[in-house]
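Report on the following structure.
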């Protein structure tokens with residue numbers, strides 16, 4: 001790719017139907033983990049007009065009222081009126097959970113010599129990424145796409161824009177010059193709204209109250225704004241589209257700036273490497289960049305079902321590393337335990353912290369529960385790489 005280019009990422013609000021499904025799945029996971037931290041959970045959700053279906057595989061000693069958890073999640077998001085797309089009070093909730101297959105369980109539970117040799121819950125490949133485009137070490141387009149829909153939710157909830165409804169989407173196109181974010185080329189923001197609102201009033205409020213307070217002002221000189229470009233967005237949420245768990249995997253990660261192994265996160269307990277290893281790969285990549293070993297870092301790990309140790313740990317820095325990629329990969333293997341149980345232990349993942357991850361991105365958020373965002377390996381990595389002193393600030 002040339003060093004001068006346009007790149008686009010999108011995000012969706014907590015009220016988007018797929019995100020409603022993700023949040024219900026993770027709320028159920030949290031409710032189970034609060035009682036049984038060793039539960040096996042694969043909770044899938046479908047939500048449509050007036051209907052929520054809970055299905056998947058759960059093996060647990062916990063006693064959870066799944067229907068109540070689903071309704072409370074829908075209520076928290078803001079769907080308390082059928083006119084908005086679904087009403088938590090009146091929607092039907094169907095429960096169809098089974099137990100985890102014993103064929104899968106035996107591979108995960110089997111340990112050859114110690115606790116840390118629990119096998120992976122499935123085969124697969126996972127990616128982690130970090131770069132110095134933002135202080136949070138996330139790609140600029142996805143970071144700000146998240147902040148836009150987060151702002152939409154804030155203004156809806158605090159009543160400053162009372163005509164906003166829960167469903168919304170954002171898209172940010174950034175112009176890169178010399179490989180760095182230079183300016184915002186285009187912003188698309190579509191938001192569900194009350195039927196009496198005019199397009200002109202919506203456009204003005206969205207630009208002035210949502211977009212401009214979020215994006216860096218010096219990057220907006222020639223920005224094109226597309227607000228509700230269809231002209232009307234009254235029907236939304238699960239009424240506008242059927243929502244399913246796991247359909248926003250690029251929104252959940254890096255907005256297309258890094259590859260994705262294909263496995264979704266929400267509703268899965270941390271024995272599933274789709275989730276836990278992707279979190280660990282982000283932790284590795286962020287520490288590599290924060291340590292000043294590279295300006296960007298992509299980490300790939302892969303697993304075989306029932307086998308504890310990763311098949312591969314591969315690091316790419318796209319020529320930005322101060323030491324060879326192979327040397328960074330060796331440091332990663334020495335200082336990060338990427339066996340499934342090692343990850344759970346390293347990141348303290350047996351906690352009910354997952355519902356918060358299910359909207360506005362799993363990465364690049366300085367939430368106290370997000371242990372995978374810590375940069376506590378920086379000095380260790382620098383010392384092991386033979387670099388003296390504290391790293392320079394990664395974000396330029």
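Don't overthink the numbers, they just go from 1 along the chain as shown.
Glycine residues also receive a Cβ, built from the backbone N, Cα and C atoms like all the rest.
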Region 'Flexible loop' per Swiss-Prot sits at which of 100-110, 111-121, 122-132?
100-110
What subset of the binding-site residues 44, 57, 241, 248 lies within 10 angstroms of residue 18 (Mg(2+) binding site), using C-alpha positions?
241, 248
Quick one: average pLDDT across the region 'Flexible loop' (100-110), no decimals.
65
Looking at the binding-site residues 168, 241, 248, whose Cα is closest in space to that of residue 100 (L-methionine binding site)?
248
In sequence order, the binding-site residues (16, 44, 168, 232, 241, 248) whose C-alpha falls within 10 A of residue 57 (L-methionine binding site):
44
Taking just the CA atoms, what is the gap between residue 44 (K(+) binding site) and residue 168 (ATP binding site) in Å?
22
